[in-house]
Structures are given as structure tokens and as C-alpha cells.
Amino acid sequence: MIAKLKKLSIDRDRSAIAAAIIFFTVELILVLHRHYSYYPSYSSFDQGIFNQVFWNGIHGRFFQSSLSSSESISVPIPEVSYHRLGQHFTPALLLWLPIYAILPSAGTLLALNVTLITVAGVVLYILARQRLDPKLSVMIMAGFYGTKAVIGPTLGNFQDLCQLPLFTFGLLLALEKRSWGWFWGLAALILAVREDAGILLFGIGFYLIASKRYPWIGLAVCILSFSYAIVITSKVMPLFSHDVSGRFLVKQFGNFVEGDKTSSLEVLWAIISKPWQLLLEIVTPLGRTIQYIFNHSLPLALVPVISPSTWMLIAAPLLVLLLRDDYWALSMNMRFALTVVPGLFYGAIIWWSHHPGAFKPKLRRFWAFCIGVSIFFALTSNPHRALSFLIPDSFDPWVYASPWQQWQRASIINSFLAKIPSNASVSATRHIVPHISGRREILGFPSLELINDAGEKVSIDYVIADLRQLQQYQVAFEDDRDRLRDLVGAIARLLEQGSYGMVGCQDGVIFMQRGVASDTSALLAWEGFRQEVEPILKQS
């Protein structure tokens with residue numbers, strides 16, 4: 001009998017390992033294919049920022065980024081020495097610098113992103129085994145790999161919140177084992193992920209108090225996470241820039257505060273002092289709120305909806321998402337969804353530990369069906385255009401870039417990038433930025449000026465822009481049409497001024513260099529492309 005139980009446990013462990021391998025392989029192939037074939041993604045520019053932050057980090061210039069500076073309200077002209085810590089306080093990124101140093105590239109960060117999420121699933125399985133039998137634990141793990149809140153963000157760019165599931169599941173495992181040294185160490189790592197990561201930790205503290213498991217520890221966790229967030233956002237981050245008070249808080253909670261500058265305490269007081277507006281923001285839009293909770297609960301067979309522990313654990317991070325004045329806050333494909341995931345799955349583990357008899361064959365089949373449906377909708381939503389080689393980006397009007405077409409354009413872009421010296425400054429369109437962001441001076445086109453290390457304002461050396469992608473997508477996406485119009489105009493002005501020469505133009509990919517004469521054939525190709533898109537430029 002004991003031998004049979006051991007064999008069953010080994011078989012389930014093998015199933016868990018197989019699930020992790022499948023998830024890792026599929027996600028990695030999809031995300032690297034999108035990256036190297038230059039399929040456009042709304043997260044491409046952020047990928048470039050993180051890659052430059054890491055590249056600067058291994059060269060001793062920690063958390064500096066000219067790309068991040070270009071999005072700052074604190075500097076009129078982007079600066080290469082700008083510290084991103086003024087926008088997001090992310091010291092935990094230092095943990096991964098040794099890995100990045102082995103193979104410094106944006107592709108390495110994408111692989112690291114997938115790896116961290118995959119390992120988080122393995123830790124979740126170990127966490128579930130503390131309370132549940134192997135079959136239930138495998139289902140919990142499968143639900144994690146099958147939720148849209150994990151699949152979607154992982155197919156995007158490397159981002160700071162991808163560390164949260166691993167650190168949080170590790171903390172909860174330490175809680176189960178009462179390993180308090182590990183518990184507090186991982187609590188510190190969670191806080192180091194980002195200035196607002198303490199919200200998730202606060203939710204865990206609230207659960208420990210409300211459930212009466214460890215009320216004093218829960219109180220300490222709540223005080224620690226709350227104090228950390230207040231001190232970091234109001235005292236530490238302003239030392240680097242005023243983006244958190246003048247940009248992020250105003251943008252995210254502008255529905256509660258007035259003016260163009262605020263603080264975390266002022267936002268908190270504004271929310272507390274407006275209870276009716278608070279209630280309104282929580283329940284509206286009602287349809288999206290219900291859909292968001294449903295999508296999160298689906299890969300767990302909707303158990304979180306009836307689990308009190310789950311609601312305690314996710315109350316704080318979910319409340320913040322519901323209050324944000326941001327349409328994308330409730331998107332399952334965006335990184336914010338990861339803040340809800342750990343509490344959701346730990347709450348499900350607790351519920352199943354109290355109701356093991358509910359795991360009957362009929363419910364098991366329903367659960368498997370729910371996971372399958374979740375995976376189906378996650379992939380068919382084409383998160384971050386990772387499946388654009390299979391799924392059209394728009395059906396009406398039709399927008400589809402075949403992989404053969406995309407790889408052909410990728411070879412053109414790569415041929416131009418190979419001509420740019422590694423120490424030269426570059427300005428590029430968004431989906432090209434990650435590929436060349438491993439350098440000191442880089443901007444997103446049409447920006448062309450920055451402040452270098454000598455404190456001097458200088459012009460960018462090279463410009464590379466993929467206008468064919470914008471031309472192809474503009475028929476369905478108005479922002480691409482506006483960007484195409486702006487970039488064509490910017491290139492025309494540079495040629496008229498004579499400050500940059502057209503040294504390459506092929507299939508709508510533009511390559512320019514400062515201070516040189518234009519190549520005749522490249523100029524003719526540019527004129528042909530410009531005439532081709534002229535009707536688009538005249539559209540209102």
C-alpha cells in the first residue's frame with residue numbers, strides 16, 4: 001500500500017514537471033519568435049527600457065536609462081544619466097544582473113521572464129503539497145499555467161512584476177513551514193520588486209489578521225508594507241525625479257485627486273474621504289469588474305469566488321486595480337494582473353484543504369474543462385501579438401502579417417543594425433528599440449537629442465524606422481496611422497534640413513545617418529514609399 005502511494009506521488013511529481021516544461025517551452029518559443037521576427041507589441045518600448053537598465057547595470061551605471069528619461073516629466077531633454085528609480089523603485093532587479101552579464105541582450109531578459117514564472121509554478125506545486133494530495137496539487141499548478149493572468153503578461157516583455165509570483169509563493173511556503181527567517185527575507189524581496197508591491201504583502205498581512213492564524217505577524221506585515229510604500233514614494237523616489245508624484249499618481253488616481261502633483265498619503269486620504277465615489281469606482285464598470293474576477297477564477301473552477309480566504313488575500317491588490325483611472329488596469333494580459341494571482345491561488349489551496357471531499361470525478365472534469373477554456377481564450381486573444389503569425393491582428397479590416405513576410409523584413413532591419421557601431425547613438429521606432437538598447441545613448445524616434453555623460457546636448461548619430469509596419473497596421477489602428485503621419489513628416493524635415501542623409505531604404509525600413517550625404521538609390525526608394533503612403537497621410 002505504501003509502495004503504491006509512493007508511486008502515485010512520483011507520477012504526480014512527474015506530471016508537475018511535465019506541465020512546467022510544456023509551459024516554459026511554449027511561452028519561450030512564442031515570445032522569442034515575436035521578438036526576433038519584429039512583430040510589433042505595445043510592450044516593446046518597455047522591453048527596451050529594461051534592457052538598457054540592465055546593460056547600464058553591468059557597466060556600473062545602475063538603474064540609468066535614456067529611454068526611461070524620454071518618458072520623464074522631470075527633464076526637458078532626455079539624459080543618459082537619468083535614474084529610473086524616480087519612476088519605479090525596483091532594487092530587486094539587481095539580483096538578475098549576473099545572469100544578464102553572461103549573455104547581455106533583450107532575448108536573455110525575455111527568457112528570464114519566462115523562467116521566473118515557470119519556477120513560480122513549481123514553487124506553487126510544492127506549496128500546495130503542504131496541504132493537498134498530489135492530484136489536487138497538480139490541478140492547482142495546471143490552473144496557474146493555464147490562467148490568462150499568467151499566460152498573457154509572460155508573453156509580453158520582461159517586467160519587474162514577473163518576480164512577484166515566485167517571491168510570494170516562496171513567502172507563503174515559508175509561512176506554511178513556519179520558517180520565519182525565510183518569511184521575512186522574502187517579504188523584503190517582495191518590497192524590493194517595486195514601490196507598490198507592498199500592496200500584495202499588505203493583503204497577506206490582512207489575511208493573517210482576519211483569519212486569526214498569526215494576527216501579530218499579520219499586523220507587523222501590514223505596518224511594514226504600508227510604511228515602506230509611503231516612505232519610498234514620498235521620500236526616496238523624489239530624490240531621483242518627481243515622476244511618481246507628478247505623473248504616475250496623478251494619472252492613475254486622477255479621479256480622486258486634483259491638480260498636477262500629489263503624494264501617496266494625499267491619494268489615500270482622498271479615497272477615504274470620498275466613500276460614495278470609492279464605492280462607485282469599485283462596482284463600475286460592473287460588466288468589466290465581473291468579467292475580470294470571472295477570468296481570474298476560471299482556471300480554478302471558480303472556487304475563489306466562494307473562498308473567504310481568497311477574498312481576504314486579494315482584497316488590497318484588487319481594490320487598487322479597481323480604483324485606478326486606467327482602462328488597462330483590468331486587462332488580464334497586462335502585468336498588473338499578476339498582483340492578484342498569488343493570493344488567488346493560495347486562497348484556493350486553503351479552500352481545498354478544508355473541502356477535500358469535493359474533489360470528485362465530475363468536478364475534476366469540470367476543472368479540467370475550465371483550464372482548457374482559460375488557455376483557449378488566453379491564446380486566441382493574441383496577447384502582445386505573440387501569435388500574430390497565426391492570428392490576424394484585425395479581421396475587419398483585415399490586418400495580417402505572415403511569418404515569411406515578417407522574417408524577410410527582419411533580415412532587412414538586421415542588415416541595417418549591423419552597420420551601426422556599438423558605441424553610436426541611435427533613435428529607432430518602438431519595436432526595433434529592444435534590439436539595440438544595449439548601449440548608452442538611445443531614444444525612440446522621432447526624438448533626436450539628449451544630454452550625454454559630459455552634460456552636453458548632442459544629436460543622435462543614426463536613425464532606423466520601420467514605416468512599413470505602421471502602413472500595414474494603420475488601416476485598423478488609428479494610433480499607427482497618426483504615428484505614420486508623424487514619422488514620415490519628421491523624416492522629410494530631416495532630409496530638407498540636410499542634417500541627416502538617407503543611407504538605406506528597403507521595403508519601408510528607413511536608415512539614416514547624421515552628417516552624411518544621401519545615397520541616391522536609397523533616396524529614390526524613399527520617394528517611392530512616400531508617394532505610396534501619400535493617400536494615407538491626407539486622411540483625417
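Numbering starts at 1 and runs along the chain as it is shown here.
Cβ coordinates come from backbone N, Cα and C, glycine included.
Bear in mind that the values here come from a model prediction, so they are computed numbers and not experimental data.
Per TrEMBL, the features are:
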type	residues	note
TRANSMEM	16-36	transmembrane segment
TRANSMEM	99-128	transmembrane segment
TRANSMEM	181-209	transmembrane segment
TRANSMEM	216-237	transmembrane segment
TRANSMEM	301-323	transmembrane segment
TRANSMEM	335-354	transmembrane segment
TRANSMEM	366-382	transmembrane segment
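The transmembrane segment (181-209) shares the most Cβ pairs under 8 Å with 301-323, out of the stretches 16-36, 99-128, 301-323. The transmembrane segment (335-354) shares more Cβ pairs under 8 Å with 301-323 than with any other stretch in the list 16-36, 301-323, 366-382.
Note on the transmembrane segment (16-36): residues 47, 106-107, 110-111, 113-115, 117-118, 121-122, 125, 137-138, 141-142, 145, 151, 154-156, 384-389, 410, 434 of its chain, located 6 or more positions outside it, place their CB under 8 angstroms from a CB of the stretch.
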